[in-house]
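Taken from Swiss-Prot as is:
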- C143, C146, C156, C159: Zn(2+) binding site (BINDING)
- K332: ATP binding site (BINDING)
- 12-22: motif ''HIGH' region' (MOTIF)
- 329-333: motif ''KMSKS' region' (MOTIF)
Amino acid sequence: MKKRILVTCAFPYANGSLHIGHFLEHIQADIWVRYKKMRGHEVWFICADDAHGTPIMLKSQSLKMSPESFISDIYKDHVNDLEKFNINYDNYYSTHSSENSYFLKKIYHILDKKGLIQTRNIFQLFDNTKRVFLPDRFVKGACPICHTKDQYGDHCEVCGSSYSAVELIKPVSMLSGNCPILKKSLHFFFNLPYFESMLRSWVMSGVLQASVVKKLDEWFKLGLREWDISRDSPYFGFNIPGFLDKYFYVWLDAPIGYISTFKNLCTQRNNLNFLDFWKKNSECELYQFIGKDIVYFHSLFWPSILEASNFRKPTKIFVHGHVTINGLKLSKSRGDCILAKNWIKNLDSDSLRYYYASKLSSKIQDIEVNAKHFLYKINSDVVNKIVNLASRVSSFINIYFNNELSSRIDDLALYKRFVTSSSYIEKMLENCEFNSAISMVISLADIANSYVDNKKPWNLTKNIKNSNTLHDICTTVLNLFRILMTWLKPVMPDLAKNSEKFLNIKLEWANICIPLLNHKISIFKALRHRIEDKQIKFLLPNNFE
């Protein structure tokens with residue numbers, strides 16, 4: 001049955017270029033979307049730049065630019081990188097938009113009218129040297145929960161807890177290096193504890209991975225707290241209605257950007273109805289891909305806002321781990337990262353897509369990028385086992401049979417084994433168990449190569465009586481290659497495109513069970529090349545940008 005699906009990725013922050021850690025999520029979601037589209041579902045894929053906050057304001061000031069000009073340049077940079085990695089968003093937008101301003105204020109008025117917003121004076125961290133209230137990411141100290149040092153002012157990367165910056169132990173301003181003072185300010189709070197019963201029921205409904213539910217249970221036991229949705233001037237963002245010096249916290253307007261980005265897409269597509277996807281009891285499905293560091297926001301704050309404002313909640317949230325290199329999490333704010341554009345200068349997008357897919361599962365585990373393992377994985381799996389399968393037999397079809405496949409499969413049992421394996425791969429891709437799907441693909445590629453080794457088609461060319469057998473064997477191998485590449489099409493779109501040109505067909509999931517017979521193929525050309533040692537030097541320590 002055809003489903004109508006909306007898929008989102010968490011929004012990259014618009015204060016610098018994307019690194020390969022960002023692309024773990026974009027690639028994971030893009031593979032899943034491409035797979036679902038190949039299965040015949042209607043899928044809409046959206047994302048946007050998270051374009052508000054003090055860090056953006058300060059960065060633009062340092063560059064002597066307006067925040068609007070700065071985020072415009074960053075937007076173009078992000079879009080360019082995403083396109084080079086074949087991330088096919090139907091709409092990539094920005095939270096600094098008229099639609100987002102509209103929905104943010106509309107939702108705020110609904111919350112306020114329902115008595116879910118309260119105001120009170122609180123103490124905030126203030127840098128007396130720079131004369132500015134410190135945003136969460138511009139103050140560091142020890143986590144108030146687990147006491148880990150060097151944590152930001154909103155969230156601990158070790159224990160996953162969220163907290164107020166004033167709770168940090170021994171806070172230090174990242175702007176001046178001084179200890180900030182406490183300064184009183186009027187702030188606006190959303191009544192998150194009111195939704196605890198709903199949230200407990202919702203998180204147990206299968207919308208999240210088991211390990212996430214376990215973590216949420218810990219947070220429930222600690223007790224939910226009111227959520228500060230306001231920030232003080234100076235700030236780059238949307239004003240709270242009626243207050244010129246108060247702004248909405250970026251973590252309120254950013255998730256609402258999922259709604260506004262889809263609304264903007266609807267204005268571009270006449271056949272797309274906004275409420276079909278976002279009304280309370282929508283029959284459409286909503287899948288959201290996020291990193292483990294923003295689970296608190298997406299599994300507690302976000303569904304509560306949706307419930308209160310009468311919008312639908314996600315069908316499922318896929319949570320992934322971080323990307324590490326040399327055991328360290330890639331971090332744009334810390335400057336230890338490999339920029340996406342640097343990857344493209346040295347390598348190709350398919351190679352990173354495949355490498356991530358070979359490691360991604362439904363478990364929330366960090367993925368280590370190891371240069372030598374990466375080189376081995378691509379050369380061994382993709383070049384030696386998959387691409388080589390086509391190159392081993394294609395010349396026989398090109399030279400002896402006028403580029404035309406035969407009328408029969410030599411080993412029907414082997415072909416059927418590949419076809420029946422599709423159900424397992426479908427299940428793995430559906431559940432984001434990409435590593436298991438890739439393992440099955442490589443296992444079957446090994447079997448296909450063993451078939452070639454056993455049949456030795458090169459020996460059959462010596463006697464014309466073997467012509468039909470040779471023809472059938474090569475046809476069988478290219479059909480097995482076709483099935484392998486159909487499975488890999490969502491993972492490696494460039495290789496799939498080259499394979500389609502060679503096979504002279506469009507790789508369709510529905511056609512896996514139908515042998516390609518009496519069919520003209522093209523002259524074989526190298527579908528991709530091996531990766532050389534010199535190409536991975538930028539992945540080694542001391543070469544990061």
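Each Cβ is built from the backbone N, Cα and C atoms, and glycine gets one as well.
Note that the structure is a prediction, hence the values are computed from the model and not measured.
Take the CB of C146 (Zn(2+) binding site) and look out to 10 A: across all protein chains shown you find 12 other CB atoms. Cβ crowding, taken as the number of other Cβ atoms within 10 Å, peaks at C156 among the binding-site residues C156, C159.
Of all Cβ atoms in the protein chains displayed, 22 besides its own lie within 10 Å of the Cβ of C143 (Zn(2+) binding site). Per-residue pLDDT, averaged along the motif ''HIGH' region' (12-22), amounts to 96 for this model. Neighbours of the Zn(2+) site: apart from C143, C146, C156, C159, residues of the same chain with C-beta atoms within 8 angstroms of the site's C-beta centroid are P144, I145, H147, T148, Q151, E157, V158, G160, S161.
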